[in-house]
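**Student:** One structure, as structure tokens, below. Some questions next.
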Amino acid sequence: MSDFWILLTGSMVAACCAILGVFLVLRRMSLVGDAISHSVLPGIAIAFLMSGTRDSAFMLIGAAVLGLVTVFLIQLFHQSGVQSDASIGIVFTALFAVGVILISLNARQVDLDLDCVLYGEIAYTHWNTITVLGIDYVPKAVWMLGFTLVLIVLVIGLFYKQFKLCAFDPALAAAVGIPVALFHYLLMGMVSMATVSSFESVGAILVVGLLIIPPSTAYLLTEKLGTMIWLSIVIGVASTFIGYYAAVMLDASIAGCMVSAALALFILAFLFSPSQGIVSRYVSRRRAALRHTAS
Amino acid sequence: MLDELLEILRDPNAQWILLGCMLLGLSSGIIGCFAYLRKQSLMGDTLAHAALPGICIAFMLTGTKSIMLFLIGAGLAGLVATLGISWITKYSKLKTDAAMGIVLTGFFGIGIVLLTQIQHSGSGSQSGLDKFLFGQAASMVSSDVATMLVVSLFLSGSCWLLFKELKLVSFDPGFARGLGFPVAFLEQLLMFFMVIAVVVGIQAVGVVLVAALLITPAVSARYWTDRLGMMMVLSGIFGALSGALGTLLSAAAPNMPTGPLTVLAATLLFSVSLLAGPRKGLIARRVQHLRAKREHLAARERQAVPAPSRGVSQ
């Protein structure tokens with residue numbers, strides 16, 4: 001049974017990240033996702049210290065606020081003349097440092113473990129269950145991830161056209177009257193929520209791996225946005241399964257193995273993608289050359 | 001608090017560690033200036049994360065914890081990481097940000113797998129490798145400090161000697177190539193310096209935050225000056241100050257990792273620069289804006305005065 005819950009949690013994390021990651025990769029903002037996943041840490045710590053529990057609602061709100069603060073600060077520094085990558089670096093390291101200090105200061109009183117925040121412990125998720133709507137035995141992480149996933153699917157589904165246009169041509173989107181900034185902050189808020197609901201299971205740092213690597217892999221395999229989202233979910237879930245069984249075999253960190261599996265899948269796509277892969281392009285070029293010399 | 005700090009300062013071992021961290025901040029600050037000018041600030045972050053598997057493999061192969069071996073492991077891993085990034089951007093439609101993200105998290109994932117392997121194997125529990133994530137300057141021994149001293153002096157010295165070449169490559173690589181400088185070699189050299197600064201910094205500041213030592217002091221210095229030489233001096237001073245503050249505070253408070261405190265000190269300096277920097281700082285800009293507004297209004301009034309008089313004369 002524990003296998004089932006671990007795989008379900010991992011797959012839900014992968015699905016949340018995959019959907020949002022597609023838009024981050026397309027908007028060339030992968031590293032903003034990286035920054036958000038680091039800088040939600042003080043939000044998690046403050047929400048935890050205020051509420052005294054790992055109560056999901058508090059953490060989701062705290063993280064969403066911190067995520068928006070991150071994006072706002074990056075924008076602010078960038079406008080005041082700092083290069084965008086440097087402003088990303090300043091903001092996330094500062095906020096992450098605040099988070100680590102808050103956790104270290106209170107490490108004695110609370111059971112919020114730094115290691116847990118960083119790598120997560122997906123193996124323990126199924127012990128931490130709560131009763132919601134009279135249903136027992138469902139881990140808390142699954143409830144939280146389920147809520148986030150439904151929210152993401154709803155928002156992206158409702159505003160699919162708007163998100164699509166903002167991803168490919170923000171200028172045109174603004175010209176036809178779509179509030180580009182609003183959708184930008186909406187996306188970033190959802191990224192922070194996804195990070196927080198995943199941090200207990202895969203950790204704040206490795207969640208970035210699932211946010212960036214599967215969508216990039218999917219990007220190499222297709223040119224259509226809809227297909228890209230589906231593919232990226234499938235690749236994320238596949239990395240979860242491969243990673244989990246590899247971790248069991250190697251007796252190593254499950255989250256680490258999941259990201260390594262995602263990287264392995266990316267390398268496969270990089271080499272063998274039908275339209276983009278290095279090997280496939282080489283083969284097709286050789287074939288064309290042979291045809292050319294034959295004729 | 002103050003007595004405690006003075007007490008720490010009297011301890012000769014702590015003095016060495018303090019000196020090491022200051023020199024580390026100094027040299028990363030100097031290298032960071034070039035990284036900032038070449039728009040490669042986040043490269044330091046990638047290199048730091050990528051160093052983790054290199055360090056773990058070096059430890060697994062030799063079973064000892066020596067900064068020299070880690071330097072070699074991390075250097076090789078950093079090389080693979082930079083090659084990976086350039087391959088991904090060259091041979092696919094993915095852009096630099098995605099390539100950096102993939103390499104950074106992928107390598108870090110592998111590093112975590114190896115780290116847990118080492119920890120589970122038993123011998124690793126005393127290895128202190130987990131201290132590498134957030135840095136613990138207090139855990140450094142004198143040989144580590146000696147290595148840091150040598151490396152920091154080497155980095156600052158090389159930047160001083162190669163100042164002209166590195167400056168040209170940072171500002172105008174095309175022109176440098178035209179003048180016959182070995183641009184590719186100098187770029188690789190800068191990357192190599194960055195790897196060294198990151199690896200040496202990891203022990204004091206930790207994998208996750210070492211990038212801040214490269215980025216934040218350089219950006220803070222940029223607020224005060226437009227000259228590269230001055231910027232490097234200032235950035236080095238800011239870095240050294242943050243290193244000193246971080247080490248002192250972390251020594252005074254038990255159970256406190258050094259890295260986050262150092263980074264916060266650097267961020268504090270950045271906030272001061274952001275507000276108070278001459279010409280570029282927020283306050284200076286506000287004042288400039290107000291003054292321009294007042295001048296504009298005054299000029300309009302001066303213009304407005306003759307207009308009715310002209311009306312009267314007609």
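Every residue, even glycine, has its Cβ placed from backbone N, Cα and C.
Curation does not apply to TrEMBL; its annotations are automatic.
Annotated transmembrane segment per TrEMBL: B:16-37, B:42-61, B:67-88, B:100-118, B:138-163, B:175-198, B:204-224, B:231-253, B:259-277, in sequence order.
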**Student:** Please give the sequence-distant neighbours of the transmembrane segment (B:175-198): residues at least 6 beyond its ends with Cβ less than 8 Å from one of its Cβ atoms.
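**Tutor:** Apart from its flanks, the transmembrane segment (B:175-198) reaches 24, 27-28, 31, 34-35, 38, 40, 43-44, 47-48, 51, 71, 74-75, 78-79, 82, 151, 154-155, 158-159, 162, 165-166, 168-169, 210-211, 213-214.
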**Student:** Where else in the chain does the transmembrane segment (B:204-224) make close Cβ contacts, counting only residues six or more beyond its ends and a cut-off under 8 Å?
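**Tutor:** Same-chain contacts beyond the ends: 20-21, 24-25, 28-29, 31-33, 35-36, 41-42, 44-45, 48-49, 51-52, 108, 132-135, 137, 140, 148, 194, 197-198, 230-232, 234-236, 238-239, 242-243, 246-247, 257-260, 262-263, 266-267, 269-270, 272-274, 277-278, 280-281.
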**Student:** Tally Cβ pairs under 8 Å between the transmembrane segment (B:138-163) and each listed stretch (B:42-61, B:67-88, B:100-118, B:259-277), then give the stretch with the top tally.
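**Tutor:** Going through each listed stretch, the top one turns out to be B:67-88.
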**Student:** Where, among B:67-88, B:100-118, B:259-277, do we find the most CB pairs under 8 A to the transmembrane segment (B:42-61)?
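**Tutor:** Most Cβ pairs under 8 Å with the transmembrane segment (B:42-61) come from B:67-88.
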